[in-house]
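A.B. asks: I have a structure I would like to understand better, so I am pasting it below and will then ask my questions one at a time.
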Amino acid sequence: MTICIVDQYFSINKIFLRAVALWPYHRTKFNEFQWFFFLVILITFILAQLATFLTTECTPNMTIKIMSLALSFTLYLIKYVSFRVNADTIRYILERCQYMCDELTDEGEIAIIKECGHEAKRFTMLMLLYGASNIMITCFLPVFPRILRTFTSINMSGEQFMIDIMREYFVDQDKYYYYILLHMDVSYIIGIIVIPATGSLLFGGMKYICGLFKIASYRIDQTMETPMFQSAGFSKDYVIYKKIVHAVDIHRKATELSDKMISDFVGTCCLIMLVSVTSLSLNLYGVHQAMMLGSAMKEYLVHVKCISVSVMYMFIGNYIGQEITDYHNHIFSSIYNMKWYGTSLYIQRIILFMVQRGTENFYIVFAGMFVLSMENAAMLFSTSISYFTVLHSIQ
């Protein structure tokens, strides 16, 4: 049964990545222009936030308020640039996953890889649903009072509902209200499309690595079953040996694919982790300040949304890294449970060699610093809370 992973499991990603000029196939001059145009929008909106330092007294609280939101948009920018720079890597990952799926013939193995594809697609839909809800809130709230004034006698200011992001355009903000609002909304929409679409595609790629490790475990479990090739004149040891070779081969391909992702996204991952930890600390402080000062709901809203993005990235990235480690370790659990005593001495030596490889834990490690695991997620959250505590103590 043929599996087309792009059409069956990454079709939603394809639509949204094309919308922001990040789909790695069929790149045209228009795509290049579109990507550059969106890049300028993101950069100028970050600069508009940082320009506030030129016109506002730089108190510690004001600095934290500006940087807490600017860092969240910096996270969007990092992902947007990284995915464009690593377009060849994304294409390689998709093509390698497709190639390995085409090699599968066993129904059990096909079922495993389909399950991984469905999980990746469900995750993509949840992420985009989260993004759509954020877009609706951000874009609709500032316009709501003006709509209300049009159809009713209720008079409300648009500034009451405009997302509270400090920014400076050096123009009359009342006169150019809609242009400023459009700039903010487009920047936010680009970011909120980029984060789920790129993140879920990488999640899907890592989920396929989990599937390949699971297939390796499945092949190990099937090794000692009665060989169906006996009728063809093959010996039992030969068939067991070939099955072990097939299991080791797909394990090798999975580790090569993970190593490719690690080597090409090492810079991106390190930047995202650093920015996420800093952004989480500053936005926790922002929520605390809003509570202490009894600020309007819009201040809570913007900080909570920034917190959700940072927490989501730190948790999901480390969760899928932990899942890859667990599936890899399960391969060696399957080896330990093999009925090795029913094989020849030659096969037992091969099994012993495989068991020795299992003494080394497999982790997704970026730059020798960030290990994707639930322990690392807890450490990052703890670090963010520690920084928040320091900020609170020195206010």
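For all residues, glycine too, the Cβ spot is worked out from N, Cα and C.
Those TrEMBL annotations? Automatic predictions, nothing curated.
Not my notes, these are from TrEMBL:
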type: TRANSMEM; residues: 35-56; note: transmembrane segment
type: TRANSMEM; residues: 62-81; note: transmembrane segment
type: TRANSMEM; residues: 123-144; note: transmembrane segment
type: TRANSMEM; residues: 176-204; note: transmembrane segment
type: TRANSMEM; residues: 261-280; note: transmembrane segment
type: TRANSMEM; residues: 300-320; note: transmembrane segment
type: TRANSMEM; residues: 362-390; note: transmembrane segment
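Describe the structural context of these features.
C.D. replies: Long-range contacts of the transmembrane segment (35-56) within the same chain, counting only residues at least 6 positions beyond its ends with a Cβ under 8 Å from a Cβ of the stretch, are 20-22, 62-63, 66, 69-70, 73-74, 76-77, 80-81, 84, 165-170, 183-184, 186-187, 190-191.
Here the transmembrane segment (176-204) has long-range neighbours at 9-10, 13, 16-17, 19-20, 22, 38, 41-42, 44-45, 48, 73, 75-76, 79-80, 83, 90, 117, 120-121, 123-124, 127-128, 130-131, 134-135, 138-139, 142-143, 158, 162-163, 165, 167, 169, 261, 265, 309, 313, 316, 320, meaning same-chain residues at least 6 beyond its ends whose C-beta is under 8 angstroms from one of its own.
Here the transmembrane segment (261-280) has long-range neighbours at 68, 71-72, 74-75, 78-79, 82, 86, 89, 93, 202, 205-206, 306-307, 309-311, 313-314, 317, 364-367, 369-370, 380-381, 383-384, 387-388, meaning same-chain residues at least 6 beyond its ends whose C-beta is under 8 angstroms from one of its own.
Using a Cβ-Cβ cut-off under 8 Å and counting only residues 6 or more beyond its ends in the same chain, the transmembrane segment (300-320) has close neighbours at 68-69, 71-72, 75, 130, 134, 137, 163-165, 195, 199, 203, 206-207, 210, 269, 272-273, 276-277, 279-280, 283-284, 286-287, 290, 372-374, 376-377, 380-381, 384.
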A.B. asks: Please indicate, using numbers and ranges, the residues of the same chain that are 6 or more beyond the transmembrane segment (362-390) and have a C-beta under 8 Å from a C-beta there.
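C.D. replies: Contacts with the transmembrane segment (362-390): 206, 255, 258, 262, 265-266, 269-270, 273, 276-278, 280-281, 284-285, 288, 310-311, 314-315, 317-322, 324-325, 328-329.
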